[in-house]
Amino acid sequence: MKITKITTYRLPPRWMFLKIETDEGVVGWGEPVIEGRARTVEAAVHELSDYLIGQDPSRINDLWQVMYRAGFYRGGPILMSAIAGIDQALWDIKGKVLNAPVWQLMGGLVRDKIKAYSWVGGDRPADVIDGIKTLREIGFDTFKLNGCEELGLIDNSRAVDAAVNTVAQIREAFGNQIEFGLDFHGRVSAPMAKVLIKELEPYRPLFIEEPVLAEQAEYYPKLAAQTHIPLAAGERMFSRFDFKRVLEAGGISILQPDLSHAGGITECYKIAGMAEAYDVTLAPHCPLGPIALAACLHIDFVSYNAVLQEQSMGIHYNKGAELLDFVKNKEDFSMVGGFFKPLTKPGLGVEIDEAKVIEFSKNAPDWRNPLWRHEDNSVAEW
């Protein structure tokens, strides 16, 4: 079997799908994208295709190493996202050829279900509370919400009080009937992270995500030393080499590699194993589409330390398409009591509606994250 063609499709709301075709008619799908940089990743995919056309798709490990090591410059969000989507598609092909789901090819199940959590938007506490109530009706009891709006490098007590007030009202409204993580989104400087984490501790969030930017990872162990709240990070780390430094330094309790950013299934399985050796749990980052989610689920079901799975159903970014709009076998992604079951169809287990993908790709928007500014008009982290 040989790879004959690689096609990319930019899609709403902010996704990109990839299709790998073979001379035997077996097709694999992947999801390579950096949100807001889809065209750049698309160019990288087609540059990497020179290494792939005419090659045997079953040699996933060799092809991964070629894509990573053949170029003198490597790593980073763009190249690793391109590799990630290609890697997902190669695993999809292998599973279809062998008539087995990817988790079966990786040694079989380590669990029968995985807890999912849902992102909750809203600028006011009442809006967040209403959103949680709606999601509880469909089975969720675990959530993630923004921990704050933009904060200055050193900000005032009013900004801190506003962030804490939202969390306090949520805990008061639901008590211990729900769990929630707080996403700082890298918006918070190290000095302000110290202040905010201390103020939030009485409300017992499940975790705090990206307490500071990955570029400031040296602060993770320092922040962890002052709190009992587990710290989470990883969506802006792109290879096992990035994660190696964080694991060695300590401070992070939950790793969040993104299966569409950090080298795909091949790389993230290695990252999961590294984390387990440090007694660090895994909660793959996934605010993206169905192929990315499927890839995450296969890792969850073969990784002992996987504890939570993010998913983008109903997320506020999903304008123009929802999580399962391009999927034929929607029922396979159904959750029971807030848990996903293993996908059982061969490969990734996602049946893509290719005709719909082609149609929607004709007018795909170029999504960009907002540009925020502080009161003094300097740029703020989003």
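Cβ coordinates are placed from backbone N, Cα and C, and glycine is handled just like the others.
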Of the candidates E149, E150, E172, E235, which one does Swiss-Prot list alongside D183, E209 as binding Mg(2+)?
E235
Quick one: Cα separation, D258 (site 'Increases basicity of active site His') versus H285 (active site, proton acceptor), in Å?
5
Judged by the number of other CB atoms within 10 angstroms, which among H185, H285 is the least packed of the active-site residues?
H185
Select the closest residue to H185 (active site, proton donor) from the following recorded positions, measuring between CA atoms: E209, E235, E310.
E209
What whole-number Å value do you get for the CA-CA distance of E209 (Mg(2+) binding site) and H285 (active site, proton acceptor)?
11
